[in-house]
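Participant: This is the structure I have questions about; it appears just below.
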Amino acid sequence: MKYFLIMFGVLALVPQLALGETLDTDADGLSDELERAYYTDPVNPDTDGDGFPDGQEVDSGYSPDGLNDLLEIAFGTDIGFSDSDQDGFSDFTEVMHGYNPLSDQLLARLPRRVEVDLAKQRLYYVVDGKLVNNFPVSTGNPWTPTPPGSYTISRLIPVARYVGRDYDLPNVKWNMQFRNGGYFIHGAYWHNDFGKRTHSHGCVNMRTADAEYLYRYMEPGVEVVVAGQTPKRREVGT
């Protein structure tokens, strides 16, 4: 039987995923690009045949266990049952912590990755190659950029204080270090530029609630990939 530490209560639903403004061949509210990410059929508006369009299921997070139906299909879990391997942990909980929801063995782990897209100012949470969630972020400004590269989470700090030459930020929550030199993913209460523009001295800023959500599923060793180019004039698209 598996045993792992769940640092907070399990959320009931996966927060809403943003729908791309690209081609939607089957007009189900889910772009063809996201259909590929979720392993759904881009020419069938109701891949799982349950009467609900694919886009509606992603938008509402419909599922009895918090893992929406499109992700249930991608992971091969039982759409109508919350604990496919009957080990006492919901499919959602296992996937988010990187455990195989189809096996009750402790060592049946799934690779996890946090991807930070500098150009789009977004963070993606990927489990076993499948997009599970994404969030708007603000990365380092052009003069203090977040360095591209492949890293791993090295430590987790619930609350921290950041002090520099021109800033003093106490009570910063949900700090996830991914690079030596003080580079963290963390909540930011002092601005609301997430997904719009850069704002930091090199850290990855998230809305505090989003950072808390991600933090509860992190552990040392989770891969972090920072890619793309920092917007030249801070604004996304520049």
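Cβ from N, Cα, C; glycine included.
According to TrEMBL, the signal peptide annotation covers 1-20. Residues annotated as region 'Disordered' in TrEMBL: 39-63. Marked as domain 'L,D-TPase catalytic' by TrEMBL: 112-227. According to TrEMBL, the active site, proton donor/acceptor annotation covers His186. Feature annotation from TrEMBL assigns active site, nucleophile to Cys203.
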Participant: Round to a whole number and give the Cα-to-Cα distance in Å for the pair Cys203 (active site, nucleophile) and the residue listed as 'active site, proton donor/acceptor'.
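Facilitator: Pair distance, Cα basis, whole Å: 8 Å.
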Participant: Hey, what's the Cβ neighbour count for His186 (active site, proton donor/acceptor) at 10 Å?
Facilitator: 24
Participant: Relative to the Cβ position of Cys203 (active site, nucleophile), how many further Cβ atoms are located within 10 Å?
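Facilitator: Cβ-Cβ neighbours of Cys203 (active site, nucleophile) within 10 Å number 26.
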Participant: Where does Cys203 (active site, nucleophile) sit in DSSP terms: helix, strand, or coil?
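Facilitator: Looking at the DSSP assignment, Cys203 (active site, nucleophile) belongs to neither helix nor strand, so coil.
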Participant: Under the DSSP assignment, what numbers of helix, strand and coil residues are found in the domain 'L,D-TPase catalytic' (112-227)?
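Facilitator: Secondary-structure breakdown of the domain 'L,D-TPase catalytic' (112-227): 8 helix, 64 strand, 44 coil.
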